[in-house]
Amino acid sequence: MSGEGDQPQAIRKLQPGKLVIASHNPGKVREIAALLEGHGLDVVSAKELDLPEPEETGTTFVMNAELKARAAADLSGLPALADDSGLCVEALGGDPGIFSARWAGESKDFGLAMQLVNDKVAAIEDASRDAHFVCALALAWPDGHVEWFEGRVDGTLVWPPRGDKGFGYDPMFLPNGRDETFGEMDQDEKHRISHRADAFNQLVAAVF
Ligand code: IMP
């Protein structure tokens, strides 16, 4: 807790130069590189540097993002950015949460994962269908300094799923105030309002 008179800690700025994206997923690396364009960064992925993927042993999105970013910064000697995201369903106490990818099983079948979410909610009497997506970002430096940002978008779960434009749980997620699920929405529109956009907007405003 901050005591009276404490100064808030200044957020460390990210200087132009090399930045490691701590992900082995080329789609995610491309998307993150695009979101960071125009800030003089030379983006390189953990895969290109042949860095190992650490096990996600954290109990929160922020912890998992931090352990991935720290591992990449320690091993590369460069600043590193990692994310962790997922769907949290209020009636399920926040599940699948950090286990969102794992609920889809080895075959990464999100049809099954969405069915599982819906079945569990439907089994609860008068259950709320409120849900939100979270995206945590961690930016780590080789000296151990870390900055975190957490973005969120709130909505409702629909059934059956609608649309085939997104990925993961998008077809069953209707963002508040909208008529289209993330699965039906143009991706540019989704990227304006998503949890990922929220987290990146915070990061860009803070570190550049
Ligand atoms: P990770 O952040 O790469 O570990 O992925 C977490 C999982 O959360 C993904 O596999 C998706 O199932 C889910 N998820 C995260 N963001 C989204 C989104 O924008 N739409 C749909 N599903 C998402």
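Backbone N, Cα and C define each Cβ position, glycine as well.
According to TrEMBL, the protein has these features:
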ACT_SITE  Asp84  active site, proton acceptor
BINDING   Ser23, His24, Asn25, Pro26, Gly27, Lys28, Ser85, Phe167, Gly168, Tyr169, Asp170, Lys190, His195, Arg196  substrate binding site
BINDING   Glu55, Asp84  Mg(2+) binding site
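The two recorded residues Asp84 (active site, proton acceptor) and Gly27 (substrate binding site) have their Cα atoms spaced 14 Å from each other. Highlighted here are the recorded positions (Ser23, Glu55, Asp84, Ser85, Asp170) whose C-beta falls below 6 Å from ligand 1: Asp84, Ser85, Asp170, in sequence order.
Site extent for substrate: the farthest pair of Cα atoms among Ser23, His24, Asn25, Pro26, Gly27, Lys28, Ser85, Phe167, Gly168, Tyr169, Asp170, Lys190, His195, Arg196 sits 23 Å apart. Within the group of binding-site residues (Glu55, Asp170), the Cβ with the highest number of other Cβ atoms inside 10 Å belongs to Asp170. In the three-state DSSP classification, Asn25 (substrate binding site) falls within coil. Over all protein chains present, the Cβ of His195 (substrate binding site) has 23 other Cβ atoms lying within 10 Å. A sphere of 10 angstroms centred on the C-beta of Asn25 (substrate binding site) encloses 14 other C-beta atoms. In the set Ser23, Asn25, Gly27, Gly168, Asp170, His195, none of the binding-site residues has a C-alpha within 10 Å of the C-alpha of Glu55 (Mg(2+) binding site). In this structure, the binding-site residues under consideration are Gly27, Gly168, and the one with the smallest number of other Cβ atoms within 10 Å of its Cβ is Gly27.
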